[in-house]
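Q: The structure that follows is given in the form of structure tokens.
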Amino acid sequence: MSEQFQMTRRSMLAGAAIAGAVTPLIGAVSAHAEEAVAKTAHINVASLPRVKVDLVKPPFVHAHTQKAEGGPKVVEFTLTIEEKKIVIDEQGTELHAMTFNGSVPGPLMVVHQDDYVELTLINPDTNTLQHNIDFHSATGALGGGALTVVNPGDTTVLRFKASKAGVFVYHCAPPGMVPWHVTSGMNGAIMVLPREGLTDGKGNSITYDKVYYVGEQDFYVPRDANGKFKKYESVGEAYADTLEVMRTLTPSHIVFNGAVGALTGDSALKAAVGEKVLIVHSQANRDTRPHLIGGHGDYVWATGKFRNAPDVDQETWFIPGGTAGAAFYTFEQPGIYAYVNHNLIEAFELGAAAHFAVTGDWNDDLMTSVRAPSGT
């Protein structure tokens, strides 16, 4: 192994080999964290009820109520950081991923507006890198990033008020290494529901039967001189080559939920005719254009903020990079629906596609074959 990749545990934690001089930044972060904690210590949440939530792996979402029951609560979550090797396509391409709870994307968290999110963030000593978490739904301290820097073996607890309603990205944002961590899979989403639940913007309630979470991820896997994807012994060894690919702004893969085909075949998203489905879709880094082939977005919050009235009857919706969006659809016909990023090169060539497998009875009034294909 070359000297470039012979990083000691200490140098990796400090970021000396891969992120420049981070140690002064860590000191500044610690001082800022102490000041911020002191300023907010007067907030009394001890009297609020507490709810502990067990998160589940996407595309599924933990049990929750769509309308708040009672007043604000403290909702407790735990995320454990896991650095792990994953396979991202049928050709066996490997990536040293950085993950929350072992999945790409990390789990979707659900609370109600004005609840308090209390997150325990664990960086086990089996990891090699420093991490943190930035919630786009939070106010202050770099979205919590300044208060949650954890070295391997560290645990921290962050609490913030979910004051804005919508779906929001969260991601790792350690000093000097943000894009590397984000494009290595370290991102997820949180849904902050209005206390009265979703509405159509005209005061009418919208309720869903199912919710699925699709996390779109761009990966940047280096190739060797023969064009084959390279493999590495560790996440640190891959850093320099990965950074070169990242700087081209040209992903090797753009996938849903961590791998090409992860939400197809036996893993397709399930629904039935008449079911109302909410699709939460995040992209922490690049713009995307979700489209449900054969269906629509009955109600769409493309930038994910529920205070805004939804767009209706959408064919394709635009989600800017660093954003989560939400789309609601009532399935009307059975069959296999492809759900894609409608940059079709990214969908068909790079992997940004999923399937909905929908059961039920066919409605000839909506579509029928008048004449089957045949010779003239």
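Even glycines carry a Cβ here, placed using N, Cα and C.
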Q: Check Swiss-Prot: it lists Cys172, His181, Met186 as binding Cu cation 1. Then name which of His112, His131 it lists for that same site.
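A: So the Cu cation 1 site in Swiss-Prot includes Cys172, His181, Met186 plus, from the candidates His112, His131, His131.
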Q: What three-state secondary structure does DSSP assign to His181 (Cu cation 1 binding site)?
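A: Note: His181 (Cu cation 1 binding site) is helical by DSSP.
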Q: Between His131 (Cu cation 1 binding site) and His342 (Cu cation 2 binding site), how far is it from one CA atom to the other, in Å?
A: 33
Q: Only counting partners 6 or more residues apart, tell me which same-chain residues put their Cβ under 8 Å from the Cβ of His342 (Cu cation 2 binding site).
A: Arg289, Pro290, His291, Thr316
Q: List the residues in the vicinity of the Cu cation 1 site, defined as same-chain residues other than His131, Cys172, His181, Met186 with C-beta within 8 angstroms of the site's C-beta centre.
A: Ile81, Met98, Phe100, Leu129, Asn132, Ile133, His171, Ala173, Pro174, Met177, Val182, Ser184, Asn187
Q: Spatially speaking, which of the binding-site residues Cys172, His181, Met186 is closest to His136 (Cu cation 2 binding site)? Use C-alpha to C-alpha, please.
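A: Considering only the listed binding-site residues, the nearest one is Cys172.
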